[in-house]
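Undergrad: Pulled these from TrEMBL:
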- 86-503: domain 'Major facilitator superfamily (MFS) profile' (DOMAIN)
- 12-31: transmembrane segment (TRANSMEM)
- 143-160: transmembrane segment (TRANSMEM)
- 167-185: transmembrane segment (TRANSMEM)
- 191-213: transmembrane segment (TRANSMEM)
- 225-247: transmembrane segment (TRANSMEM)
- 253-272: transmembrane segment (TRANSMEM)
- 331-349: transmembrane segment (TRANSMEM)
- 361-382: transmembrane segment (TRANSMEM)
- 389-408: transmembrane segment (TRANSMEM)
- 414-439: transmembrane segment (TRANSMEM)
- 451-471: transmembrane segment (TRANSMEM)
- 477-497: transmembrane segment (TRANSMEM)
Amino acid sequence: MRFENILADINGFGRFQIMIIVISFVGRFTLPCHFMLNNFISAVPAHHCDVSSLDDGDIFRNLSQAERLAVGVPVQEDGTPSSCQMFAEPQYHLLLNSSNVTGLPTVPCQNGWVYDNTTFRSTLTSQWDLVCDRRGKNKATTTIFFVGVMFGAMTFGSLSDRFGRRIMLLVSYVTGMLFAVASAFSSSYVMFAVLRFLTGFCITGIVIVSSVLSLEWVDVEHRKLVGVVDSLSWTFGNTVFAAIAYFVNDWRWLIVSVTSPLILAIVTWRWMPESARWLIANGKLEQAQMYLKKCAAMNQTEKLTATVNTEKRDRTYTYIDLIRTPKLRKLALRTGILWFCVATTFYGISFNITGFKLNIYLTQFTYALIELPAKVSVYYLLDKIGRRSTEVGALLLAGVCLGINIVVPKDMSVIRTVVAVVGKGFSAASFTTVVLYSSELYPTVVRQNGMGFNSFMARLGVAVAPLILLLDDVWMQLPQVVLFSSAVLGGIVASTLPETRNRCLPETIEDVEQHW
């Protein structure tokens, strides 16, 4: 008897499935916080050179702090002290005539920097002086984390197809929490970078395992609901994260704060069932029957009488199987490109919360809040116009918003922020859709491998996103142009994928080759 038919007999969306969604929701809360963490722990507070090295005697010592800055640090065009340059020697004449600065010799900061701690008590930037010529190291922490996420996605995708969804979810919970907390107590930049890589590697298992596990336990009619609810856990996490970051303004304690919910996730894991689909696909029929009976009992349906008859698959499936057959190979190529484009667009917008010169906490909160109406809209559109049309439309509209901001002047910061927020909403809609859409495209035997590969491509896009934002040194609008191109390319690729609306999940590679 086909699994979909058995699921229909025992209620494919009852209390048992709701329990799975709630447990997954708890575990996924910490993910968006960690993914957006560098917006705050790597924030660059206002800073200028430490001019204490210019102390040449009583005259300098008797000056106020403002006067020391006046004689020690050149002023920028906007009237603020230079962030990276200082005078080679005190310019006392500037106390009388501050406009006569032409030709005065300057040098890079000689004795470190002084930071404005008004907004942030401590950040990575102020901890290890990641400013000026070290600015790239600051952005690199984001890239390093997502490179870890990228390789973790491939690893956990393969391991969960081999050893099961449930056990790998626990492994991700425990190791992700340990490495994250350890990174908060780093004593050097290198130590922090290594531990952030390992945190990203381990924590990514939560999202790719829990999303597939939830999907594999629900019927066709409720798949879109589960996909949207899973996605809303990110919205909830991002919204609350803005508040947490506001009250916890020390980078070490912020990491600990956003990681602590994993303790509750580990406690609730004991009630998380294994995927019956995975058990059946691997010939573990007795265990599958046990979980199906639990599902029937919790959902208060008739006692399970049907049995699942299937042959144990005669080999272990790997990532190589994604490219063995022609249709699955094309599917993997197209979804991989699509995930790269979706992630690059979404995170390119999300990481740029300081680019509009407005309050970063308010921008983060608004960016998160706009996801709610976007994802609720997706819930209705997925069945009205289908998965493919929703994905294509969301990406192209995100591209339109990015294109508008290319031509809007930089000094119109409020208008640019509003357009960016709308674009963030469309990009969030595209991300919500692509997770569900891709899960429905891959067959059960390689679904976790397929999602692991897609997540790998997405994290590659995320790792590239902060580097794209550095392109403003080449041309101010270049980051927006690159993100615009990514959104449009993603929309074009999505238009070539098959529609999955109201179709059963494929179980084998043969199902894909025959029906996609």
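Each residue, glycine too, has its Cβ placed from N, Cα and C.
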Undergrad: The transmembrane segment (191-213): which same-chain residues, six or more beyond its ends, come within Cβ distance under 8 Å?
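TA: Tertiary neighbours of the transmembrane segment (191-213) are 20, 24, 27-28, 30-31, 34, 124, 140-141, 144-153, 155-157, 160, 165-166, 168-169, 171-173, 175-176, 179-180, 182-183, 227, 230, 265, 272, 275, 435, 439, 447-448, 451-452, 455, 459.
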Undergrad: Is the transmembrane segment (12-31) in contact with the transmembrane segment (143-160), using at least 3 Cβ pairs under 8 Å (sequence separation of 6 or more) as the test?
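TA: By the criterion, they do not touch.
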Undergrad: As a test: from 331-349, 361-382, 389-408, 414-439, pick the stretch that has the greatest number of Cβ pairs under 8 Å with the transmembrane segment (225-247).
TA: 361-382
Undergrad: Between the transmembrane segment (331-349) and the stretches 12-31, 361-382, 389-408, work out which stretch tops the count of Cβ pairs under 8 Å.
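TA: Going through each listed stretch, the top one turns out to be 389-408.
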Undergrad: When you scan the chain for residues with a C-beta under 8 Å from the transmembrane segment (253-272), skipping those not six or more beyond its ends, what do you find?
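TA: Residues 19-20, 23-24, 26-27, 29-30, 33-34, 37, 40-41, 166, 169-170, 173-174, 176-177, 180-181, 183-184, 206, 213, 241, 244-245.
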Undergrad: For the transmembrane segment (451-471), name the stretch out of 167-185, 389-408, 477-497 with the most CB-CB pairs under 8 Å.
TA: 477-497
Undergrad: For the transmembrane segment (477-497), what are the same-chain contacts with Cβ under 8 Å, counting residues 6+ beyond its ends?
TA: 331, 334-335, 337-338, 340-342, 344-345, 348-349, 352, 388, 391-393, 395-396, 398-399, 402-403, 405-406, 427, 430, 434, 437, 441, 461, 468-469, 471
Undergrad: Using a Cβ-Cβ cut-off of under 8 Å, list the residues of the same chain that are 6+ residues beyond the ends of the transmembrane segment (361-382) and lie near it.
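TA: Same-chain residues near the transmembrane segment (361-382) but 6 or more away: 36, 39-40, 224-225, 227-228, 231-232, 234-235, 238-239, 241-243, 245-246, 349-350, 353-354, 389-390, 394, 417, 421-422, 424-426, 428-429, 432-433, 436, 501.
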